[in-house]
Amino acid sequence: MGERRGGGWASATMDLLRSEPMQLAQLIIPVESAHRTISYLGDLALFQFKDLNAEKSPFQRTYAAQIKRCGEMARKLRLFKEQMTKAGLSPSTRITRSNDIDLDNLEVKLGELEAELLEMNGNNEKLQRSYNELVEYKLVLQKAGEFFHSAQGSAAAQQREIEVQHIGEGSMDSPLLLEQEMITDPSKQVKLGFVSGLVPRVKSMAFERILFRTTRGNVFLKQAVVEDPVIDPVSVEKVEKNVFVIFYSGDRAKNKILKICDAFGANRYPFADDLGKQLQMITEVSGRLSELKTTIDAGLLHRNNLLQTIGYEYEQWNLQVKKEKSIFHTLNMLSFDVTKKCLVAEGWCPIFATNQIQNALQRATFDGNSQIGAIFQVLHTKESPPTYFRTNKFTSPFQEIVDAYGVAKYQEANPGVYTIITFPFLFAVMFGDWGHGMCLLLATLYFIIREKKLSSQKLGDIIEMTFGGRYVILMMALFSIYTGLIYNEFFSVPFELFGPSAYGCRDPSCSDAYTVGLIKVRNTYPFGVDPKWHGTRSELPFLNSLKMKMSILLGVAQMNLGIILSYFNAKFYGDDINIRYQFVPQMIFLNSLFGYLSLLIIVKWCTGSQADLYHVMIYMFLSPTDDLGENQLFVGQKFLQLLLLLSALVAVPWMLFPKPFLLKKQNEEVC
């Protein structure tokens, strides 16, 4: 089958049925061309490096500083991406194929762009905070001004009432002279201070209670609801707020009020009690708001232009930083030779890639103007090589499906080859509608026709996953059309595609909704399920029985395929234990029970027998010697069942016990 090389098996010709023959190679690379060499080998994706510095921590390695620089550049790129997302922009999905910018120049450029962007953000935050404060200030001036305006109107009305009462001399209801002087003479009134601002509406009731309790009721609080939510200058979130004015007497009460305002997050703003000054302040605030709005819009426009400029190059920069970081991680896996002028690398590569790797080494030496070329040499080892399958855009997604469950051992038979057919076909057995299959086919053809354009774009997570599996979906669609034609279902509606139904009514009074009274008037429907079954009472039992039996046949066939593959693997590796004590008993056990069931299904279909297969299989175990009666499908069935049952019982201990003891004996002999 093959010859032993370096601890693995190699054959003269190898394809997807088994993994590629591998070899352990050593590279001796001059330091000046090491970066370029690793880059070219990475583009090939045919060399798996071994870590020759496994005993060192990441911080003790040679290129730790460069990796840290790449990490810092990646952080700056993430910042740019976050800022673009907040601004409603998205990076260009097309990756430009321009020449890579030098890493040092890219680091400087990203640093300059970050500094400029952070400066813009800082200025914008200051301007936005000032703008939000002025919006709140304007609301305070408007709402609190209404308080003072209504209060002055009330005071004027009260003054007129006093004057009218004073005309009627001798009235017992006229106010005292002292009270009248206090109302009419401002110099004799008690001077009250006030604090104005905005408080979150959800805290307004608690705010009022705390004020009352703290000052023992010696304050007067007036609140007005702000109809629309306002952006808080501190939290930069939209908050529903109330404008408040608190009247107090004395500095002690004022200090308490200020502390309570700070505790409740109430923003305070200065306010003049003079109406003329209020109008003047509203005019000034409105003018400043207009100026700030213009300035903020201009700053945002400039910031968005900068982000758009970054967006055009973002994907290219991001790809380059990731590539550079990967290169330096790989360089950290290499060790220096005794002269400290060359790096030594070891790794696995497919034998067929030897020439490609040597060409990449020569090209790196030439492009890097190195006077010393890299050396490639094969090492002989007993280590187990890694598994590598050569795939293309069609076979790759099927191989990934298999690898998701487990990667095959080196040169083990690859189930990915059979998965190309079995996976989409078994899906189609379940799906089974050629109308839906056509929809799936059209959607997949769109991805395949435009694959060159779509492959150069950055798609969303779901679309990218669908695009990657486009050939899997293509096979699923084709098999769904095939099985849908067998089931004769087009969006669950049958069609007479291959001719008229084989059945007809015996007389005009026969209803199409029943199979009773139907007679066979033509040859059997040539392909798939006869459309006459649709809508009958027997449709569901018939189709369920058909699909269940088909599933059993396909499942048993697939399990037999897996066991047969295990035989070829054991034979390939020369493992007699697995052949004798795994393959043989497994085949006997599987086919003695489920293989026999599959045979009964086929015989029943071919003969049209009315035998109950449930009864046959159950009583094969419960009463193997009883007469089968009407459930007998062929001559000698009872003897065959006894023989198969005995074989299955013998296969169980044969499969479970000898192999562990033989493996234990082998391990003891090795030790």
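Cβ atoms are placed via backbone N, Cα and C, with glycine included.
Beyond its flanks by at least six residues, the coiled coil (103-130) meets 69, 72-73, 76-77, 79-80, 83, 233, 236, 292, 295-296, 299-300, 302-303, 306-307, 310, 317, 320-321, 324 of its own chain at Cβ-Cβ distances under 8 Å. According to TrEMBL, the coiled coil annotation covers 103-130.
Summarising the annotation, TrEMBL assigns transmembrane segment to 425-449 (among others).
If you look up TrEMBL, you'll see 470-487 (among others) marked as transmembrane segment. Under 8 Å from some Cβ of the transmembrane segment (470-487) lie the Cβ atoms of residues 393-394, 397-398, 401, 420-421, 423-425, 427-429, 431-438, 440-441, 443-445, 447-448, 451, 497, 527-529, 543, 547, all in the same chain and six or more residues away from its ends.
Beyond the transmembrane segment (550-568), the same-chain residues lying 6 or more positions past its ends with a Cβ under 8 Å from any Cβ of the stretch are 413, 415, 418, 422, 425-426, 429, 578-579, 582-583, 586-587, 590-591, 594-595, 597-598, 601-602. Under the heading transmembrane segment, TrEMBL lists 550-568 (among others).
Sequence annotations record features per position, and here TrEMBL assigns transmembrane segment to 588-605 (among others).
Among the features that TrEMBL reports, transmembrane segment is placed at 639-657 (among others).
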